[in-house]
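Below is one structure, written out as structure tokens; comments come after it.
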Amino acid sequence: MTEPTTTPTSDSSSSAPALRRVAIAGASGRMGHMLIEAVRNAPDCRLAGALDIAGSAALGADAAAFLGFTSGVPIVADLRTGLQDAQVMIDFTRPEGTMAHLAVCRELGVQAVIGTTGFSDAQKAEIAEIAKDIAIMMAPNMSVGVNVTLKLLDMAARAMATGYDIEIVEAHHRFKVDAPSGTALKMGEVIADALGRDLKDCAVYGREGITGERDPSTIGFATIRGGDIVGDHTVLFAGIGERIEISHKSSSRVTYAQGALRAVRFLSGQRSGLFDMFDVLGLR
Ligand SMILES: NC(=O)C1=CN([C@@H]2O[C@H](COP(=O)(O)OP(=O)(O)OC[C@H]3O[C@@H](n4cnc5c(N)ncnc54)[C@H](OP(=O)(O)O)[C@@H]3O)[C@@H](O)[C@H]2O)C=CC1
Ligand SMILES: O=C(O)C1=N[C@H](C(=O)O)C[C@H](O)C1
């Protein structure tokens, strides 16, 4: 993470606090709907743009129509149109969409909160470059509970560095397109860091056939997809004679949306830099 740089908020001339102007990318998605509702209910935010991919059936509709409400903000595919009135974009889409959105955010000086998962290493490096020009908060999971769980995992991994086999199991709904989840990968990274390992060298993604005995230096991943599971993550530390299971289960996407709004507020004082939810929640 780069060092935060602070800047005064620009809308301080009137007596009433200025509303943060927020654009939502992926406006008709599962998270897009949660976010539009959260922005509508937030006393300090205003919906200022709504984007969806070209060809989406949602284009042209009012962004809040699904709530039975008219926001006056149409869902558009043209990135400059969708972002021109925004101070900050919240993006829960797909990696290729996020990269295209970020290029325009950089051009227009719009901050970004990124929840999308599944980025390649090259895409992550490009995001870090863009964050030299605009403030970006990126996290694979914006719930408070998951971020506290990451802290618990760091502590557990240090205390059980030898003699315990580490396995990460995640379950999500049938519509999810990336695996393992961004959260599971982040959990693996936190544990590998705590153990002084590189996840790239020790991750095992699924097993099949005659695998041989388990290599104790590995971190295993297992993925379940089905129905409407919002998001479950369990990390097993399995020893001889005992095991610990650290689990987090999401029962609603509202926690992700509330985390994204906390990030919007956190970014309001930042000129540039790449941040995560530890920064937003004061957990670093
Ligand atoms: N960080 C966090 O806390 C969380 C992260 N996520 C992540 O957020 C992302 C979205 O999840 P979810 O809302 O369930 O997914 P959805 O598929 O429901 O929504 C994705 C939205 O993005 C649009 N979209 C798809 N491809 C592109 C593209 N190339 N460019 C622009 N827009 C695009 C979709 O449009 P259309 O429907 O027309 O294709 C849709 O509106 C995933 O990566 C998921 O892992 C999810 C929950 C929490
Ligand atoms: O796609 C989802 O739904 C989720 N994606 C994120 C991930 O990949 O970790 C966060 C959460 O688990 C829900």
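The backbone N, Cα and C atoms fix where each Cβ goes, and this holds for glycine too.
Because TrEMBL annotations are produced automatically, they should be read as predictions rather than curated entries.
According to TrEMBL, the protein carries these features:
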| type | residues | note |
| --- | --- | --- |
| ACT_SITE | His172 | active site, proton donor/acceptor |
| ACT_SITE | Lys176 | active site, proton donor |
| BINDING | Gly26, Ala27, Ser28, Gly29, Arg30, Met31, Gly115, Thr116, Thr117, Ala139, Pro140, Asn141, Met142 | NAD(+) binding site |
| BINDING | His173, Gly182, Thr183 | (S)-2,3,4,5-tetrahydrodipicolinate binding site |
| DOMAIN | 21-142 | domain 'Dihydrodipicolinate reductase N-terminal' |
| DOMAIN | 145-281 | domain 'Dihydrodipicolinate reductase C-terminal' |
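Location within the structure of each feature annotated in TrEMBL.
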residue	record	DSSP class
Gly26	NAD(+) binding site	coil
Gly115	NAD(+) binding site	coil
Pro140	NAD(+) binding site	coil
His172	active site, proton donor/acceptor	strand
Gly182	(S)-2,3,4,5-tetrahydrodipicolinate binding site	helix
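Distance between Cα atoms for Gly115 (NAD(+) binding site) and Gly182 ((S)-2,3,4,5-tetrahydrodipicolinate binding site): 9 Å, as a whole number. Less than 6 Å separates the Cβ from ligand 1 in the case of Gly115, Met142, drawn from the recorded positions Gly115, Met142, His172, His173, Thr183 in sequence order. The domain 'Dihydrodipicolinate reductase C-terminal' (145-281): residue composition by secondary structure is 51 helix, 38 strand, 48 coil, according to DSSP. Annotated pair Met142 (NAD(+) binding site) and His172 (active site, proton donor/acceptor), C-alpha to C-alpha distance, rounded: 16 Å. Applying an 8 A CB threshold to same-chain residues 6+ apart, the list for His173 ((S)-2,3,4,5-tetrahydrodipicolinate binding site) reads Arg225, Gly226, Gly227, Asp228, Ile229, Val230. When the recorded positions Gly26, Thr117, Pro140, Lys176, Gly182, Thr183 are checked against ligand 2, Thr117, Pro140, Lys176, Gly182, Thr183 have a Cβ within less than 6 Å of one of its atoms.
The binding residues for NAD(+) are recorded as Gly26, Ala27, Ser28, Gly29, Arg30, Met31, Gly115, Thr116, Thr117, Ala139, Pro140, Asn141, Met142; their greatest pairwise CA distance is 21 Å. All protein chains considered, the CB of His172 (active site, proton donor/acceptor) has 25 other CB atoms within 10 Å.
Counted over every protein chain shown, other Cβ atoms within 10 Å are most numerous around Lys176 among the recorded positions Arg30, Lys176. When the binding-site residues Pro140, Gly182 are compared by the number of other CB atoms within 10 angstroms of each CB, Gly182 has the fewest. Each of Thr117, Pro140, Asn141, Glu170, His172, Lys176, Asp178, Ser181, Ala184, Gly231, His233 belongs to the same chain as His173, Gly182, Thr183, is absent from that list, and has a C-beta within 8 angstroms of the C-beta centroid marking the (S)-2,3,4,5-tetrahydrodipicolinate site. Taking Cα separation as the measure, Ser28 (NAD(+) binding site) is nearest to Lys176 of the recorded positions His172, Lys176, Thr183.
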